[in-house]
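Colleague: Feature table excerpt (TrEMBL):
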- 4-173: domain 'Glycosyltransferase 2-like' (DOMAIN)
- 234-258: transmembrane segment (TRANSMEM)
- 264-291: transmembrane segment (TRANSMEM)
Ligand code: UDP
Ligand code: MG
């Protein structure tokens, strides 16, 4: 049995079309006997403020193919997705997660399932191009992936959260209890046989992105701090370098004093004060980021609460 898991936040504009297309896909796969008749499409309502949950409930009552879960409040994309994956794994042999806005080409699902039957536990949907993204998004995304790689984390380039995961991979994922959730960084840690299928990423079908710049930046920072402690190591190294430079400065100023030219170099003094002050603040900031994360993790607060679950 298979489950499609779709997190939805204020998606009333796209849901009618998304549900229709996913149902066609599910029925096609059932008729090809690739998945069982009990397979379901699970929409997870992430505390939407619009009619999203109402639409999901209607879909469920109109056709048992549709399942629905609603979270008690907005928890963010990653937690909504996790809620869906963890619920679906109780029923499914494998789960495919995708966005509600039809940007992920659902025809790639066929090849994902093919790979699953070839014995792969995790199949990543990878964008073969980013034509529909703005130059800014492409540029920052590429820089970000490179940065994360540099930090030693293993993430799949041009892959977001469109992927197939087997039940046993999901069981393993459930043991990662971190509050600061960055799924695309954790999934590659699970191991197993993995592969990718490529697809063209389209435009959002309707509505607006639910990831404004502010959320995107927070998410990017989440990725760094949840995958790597190298920035902390970098600060230590930086400290050493600056200490070494200050020794050189000391020798230099002693020599200057010796040859009796003590008042030159006002500019260099001011510049170093600002530069070092800035670096110190930045470093405290980075350390603070990690301490903040530790603080949140030690509370062990629940990552989501499902307040209603509809499944037949
Ligand atoms: N989403 C969510 N909770 C949020 C924000 C987004 O469940 O707080 C869902 C959203 O409904 C969509 C997916 O996450 O299905 C990806 O969001 P979006 O397509 O807006 O992001 P973009 O493609 O612009 O990066
Ligand atoms: Mg989108």
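Numbers run from 1 along the shown chain.
Quick reminder: no glycine exception, Cβ is built from N, Cα and C everywhere.
A TrEMBL annotation is a machine prediction, not a hand-curated record.
It should be emphasised that the depicted structure is a prediction, and the values quoted were computed from it without experimental measurement.
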Colleague: Which sequence positions outside the transmembrane segment (264-291), separated from its termini by at least 6 residues, show Cβ-Cβ distances below 8 Å to it?
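Modeller: Same-chain contacts beyond the flanks: 221, 225, 229, 231-232, 235, 238-239, 242, 249, 256.
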Colleague: What else in the chain is close to the transmembrane segment (234-258), if you only count residues 6 or more beyond its ends and a Cβ gap under 8 Å?
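Modeller: Sequence-remote neighbours of the transmembrane segment (234-258) are 264-265, 272, 276, 279, 283, 286-287.
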Colleague: Tell me, roughly as an integer, the mean pLDDT over the domain 'Glycosyltransferase 2-like' (4-173).
Modeller: 93
